Amino acid sequence: MAQARISAKASEGAQQLQQPQQQQQSGGQLRGRFYRSTSMADRSSRLLENLDQLELRVEAFRDAASAMEQEKEILLEMIHNIQNSQDMRHISEGEREELNLTANRLMGRTLTVEVSVETIRNAQQQESLLHATKMIDEIVNKLLDDLEDAKMRLMSLYGACTSDVPAGPIDQKFQSVVIGCAIEDQKKIKRRLETLLRNLENSEKSITLLEHQKSSVRQSCNSKQD
């Protein structure tokens, strides 16, 4: 009997010892799972923060590339304007030839730089862009037919693209088309119209200056005859 009691107590003691160990092991597993869950959340948060920072850098990168696109357009326009300026017509043929060689070299070097920022568009935005481009091209193709009318029409298109109070009428149809374009395309359309209007203004100045010079020459000839 005594032996049986001793065995029973020993068994109870062993069970009591095993229970805290099992609880400790179970608690350790729970704590391990909890720590793993917290670690996953931290990792996810860090990754999201990194992606947010990268998104800012990507947008800055696209903006820089877009600025380079604009700089290329400006450089080509400036070189073209120099080649077609009135000053180029009033220098010796040898000097003009030398300057044109330099201008052509600069234009060639500028054209070797390829910068392209693709705009993501849906089907509707793509259709709107094609429509807006077609409307501008139709006016450009008729520039030589009526310069003044073409300028007025381009100004009405430009007025539809700007938030400032326009100086003249606005082409409402063109405005509705441009609104359907992607934001980046809207900016490019506005830039193109600005360039066209600048070139027209320079052309008008050149024509006015040329007419003034012709008039001065005629008056000088008439004075000599008198």
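Using N, Cα and C of the backbone, Cβ positions are placed for all residues, glycine too.
TrEMBL: automatically predicted annotations, no manual curation.
If you look up TrEMBL, you'll see 44-71 (among others) marked as coiled coil. Long-range Cβ contacts of the coiled coil (44-71) within its own chain (Cβ-Cβ under 8 Å, at least 6 residues beyond either end) map to 113, 115-117, 184, 191.
TrEMBL lists 183-213 (among others) with the feature coiled coil.
Feature annotation from TrEMBL assigns compositional bias 'Low complexity' to 15-28.
Counting residues of the domain 'BAG' (128-208) by DSSP class, helix then strand then coil, yields 60 helix, 0 strand, 21 coil. If you look up TrEMBL, you'll see 128-208 marked as domain 'BAG'.
Annotation source TrEMBL lists region 'Disordered' at 1-31.
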